[in-house]
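Worksheet: the structure to be examined is printed underneath.
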Amino acid sequence: MGRRRAPELYRAPFPLYALQVDPSAGLLIAAGGGGAAKTGIKNGVHFLQLEQVNGRLSASLLHSHDTETRATMNLALAGNILAAGQDAHCQLLRFQTLQQKGKNKAEKAGSKEQRPRQRKGAAPAEKKSGAETHQEGAELSVENLQAVQTDFSPDPLQKVVCFNHDNTLLATGGTDGYVRVWKVPSLEKVLEFKAHEGEIEDLALGPEGKLVTVGWDLKASVWQKDQLVTQLHWQENGPIFSNTPYRYQACRFGQVPDQPAGLRLFTVQIPHKRLRQPPPCYLTAWDGSTFLPLRTKSCGHEVISCLSVSESGTFLGLGTVTGSVAIYIAFSLQRLYYVKEAHGIVVTDVAFLPEKGRGPELLGSHETALFSVAVDSRCQLHLLPSRRSVPVWLLLLLCVGLIVMTILLLQSAFPGFL
């Protein structure tokens, strides 16, 4: 039996590092590039239109936004505003889907650079990237808004960016260990503090101004603005390795399914040093208000590179440095889906198809869809078939039937039973 494979959804002309999904317009946004080196590899943000075609989810290039010499390494999405981490800076982009009306062929030809996909005569680079064309009459415009430097180390790099719950603020972290919080869209700085000694690996903004950060100093911290609330200790109810230091690789907040006010925090722990026989990595679920560990489980010996939580908080998506992709159920941390070396190289980002907007339409008969991107320039699709469940009323009916049958059998075997 051959190795399980995930379908390739799209191939870009540059390495891919970041991924976001806009549920309202059904857009998949993938970004990356070759950086400032003069290698001929471009830098850009590609906007892909998601559609169901003959019962299959497909993606086609709708717009390519050139970022010149800056590769986009991380993304956050708030409505139609993207926050893009490019070297030591954060660049805000605003995109808008438009409908063409009464444009003639000459006008379309004159706007070729704005809309790289065309029905006929696609450019060679587009053909090579696997871009499809569809949906005549649609176009997308992208506008550069504010930009600000967010990291000031000797080798500056913004490593993570995220918005708060109402999209009025965004937080950034990088190699200098500082968290900086900015107003949107002015990018006026409202908060700055030293969170870690060394690089910040990930951060997550929660309700009531709570902020969780994880860094290369092996610490995970919960902050209220710039005040330390508590440190996370994932091994309180988990395994203990005296000779194997672990660090936190990722952190994400997620809803508790069927509990609108409930909140969970999920973290990934990986060995701090690469070993010839690597110990397992771990997933931990935390109470979102007390920040006490609820459950910790091993997620295999492949080093985890990225983490995503589905919109409803039902599923967790993981990518590894060896290119594998997995989907876990958040409640029990049980693995439901796994493709070994789907990319064959480090998975740089994963993102779920949201369950709102066009999500249900695009999902079709599947329970969830996870997208993954990697340095191999590919975007892959991972579909989880709907798990068959028995309705409660049917279970009750079966139980009543079994009780009646048992009574009848007993009555037949022992006439005086009743």
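Even glycines carry a Cβ here, placed using N, Cα and C.
Predicted automatically and left uncurated, TrEMBL annotations should be read as such.
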Matching range for TrEMBL feature annotation, transmembrane segment, among 9-27, 313-331: 313-331
Folded-back contacts onto the repeat 'WD' (161-192), same chain, C-beta under 8 angstroms, at least six residues removed: 74-79, 81, 83-85, 88, 90, 92, 94, 145-148, 150-153, 155, 198-200, 202-207, 211, 213, 215, 223, 225-226
Within the predicted model, mean pLDDT of the repeat 'WD' (161-192): 96
Secondary structure composition of the repeat 'WD' (161-192) [DSSP: H/G/I, E/B, coil]: 0 helix, 19 strand, 13 coil
